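Worksheet for the structure shown next.
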Amino acid sequence: MPLVATGEIVGAAARAGLGAGAFNVIQIEHAQAIVAGAEAAGAPVILQISENAVRYHGALAAIGRATVEVARAARVPVAVHLDHATGPELVREAVDLGFGSVMFDASALDYDGNVAATAEVAAGCHAHGVWVEAELGEVGGKDGVHAPGARTDPAEAAAYVSATGVDALAVAVGTSHAMVVKAAVVDLPLVAALRAAVPVPLVLHGSSGVPESDLTRAVEAGLTKVNIATHLNVAYTRAIRDHLAGHPEVVDPRKYVAAARDAVAREVTRLLKLVRATP
Ligand code: G3H
Ligand code: ZN
C-alpha cells in the first residue's frame, strides 16, 4: 500500500463520520509500532512528527525519511504529517521530504497575526499539493502548563478557515496537551457548533487526557483527526520499566525497546477501534 495523502485519510473518515487516528513518532520504533497497530486494526493511520521531536533529533531529515519509508512499506494506507510547526522553514523541509501534510501552529499569535502567517504557509503548501492543518484558540499544555479552559469560537473559526484556506482546523474544546490522567472534559456542544459552522474537518489535540469512551463521543459530535502522543509514551515507558524490572540482566536495548514497540502497537490498535467505532 503506498504512502497516501493525509487529505485522503481525513476526508474519507470525515465523510464516513469516523475518526482518523494520528499518532506521534519520536523514534523509528514508534513509526513501526503505529503502522503495526494500524495493520492489526485494518485501518488507515497518520504518522506525525512534531517540531519538538525534530528538536530532540536535531534535524527533521533522518527521522522524517525513516518515517516515510516505514509508511511506504505498510499494508494499510499511511500518511506522514508534520505536527505543530511554528516556522515556515521546517514546513518547507517537510514538503521537500514528501510529507503529505503539515500543521502550521501560529495559535500563540493574535488573530490577525495567525491569519496572515497561516494563509502564507497554506498558499505555499497548496502549490505543492500539501494539505494544511492550523490551530485557532490555543490548546494548552504545549509548554507544560495545562489550560483546558481555552475555547475556539465557531463564528471566528469559520472566518479563519475562509481567510486562510486551510484544509483542517485544530480547535480548543476542553483538552490540554501532555496529560497523563484522563481528566479532560470535551465540550461536546461546542464541538457540534464548530462542526456546523466550519466547512473543513476538525482536529482534536491533547487527546491523551480524554477518557476513552469520550473519544468515541467526540468523534460522533464532529471531530475527525484525533491526535494522540502522550498515551503512547506512557505505554512505551511502562513496558520498558516492566521489562527491565523482570530482566535485570538485560543490556541489549533491542530486548526492552521491542517490548515497548509491541505495547505501543497494541494501544494503537485499540485506540483506532475506539475512534472508528460506527456511530
Ligand atoms: O499534536 C499532538 C497531540 O495534540 C497530542 O497530544 O500528547 O496530549 O496526546 P497528547
Ligand atoms: Zn497537539
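All residue numbers here begin at 1 and follow the chain in the order shown.
Glycine residues also receive a Cβ, built from the backbone N, Cα and C atoms like all the rest.
Just so you know, TrEMBL annotations are computer predictions that nobody has curated.
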Annotated companion of His84, His177 at the Zn(2+) 1 site, TrEMBL, chosen from His57, His205: His205
Greatest C-beta neighbour count within 10 angstroms, which of the binding-site residues His84, His177, His205: His205
Other CB atoms within 10 A, centred on Asp83 (active site, proton donor): 26
Euclidean distance between Cα atoms of His177 (Zn(2+) 1 binding site) and Asp105 (Zn(2+) 2 binding site), Å: 14
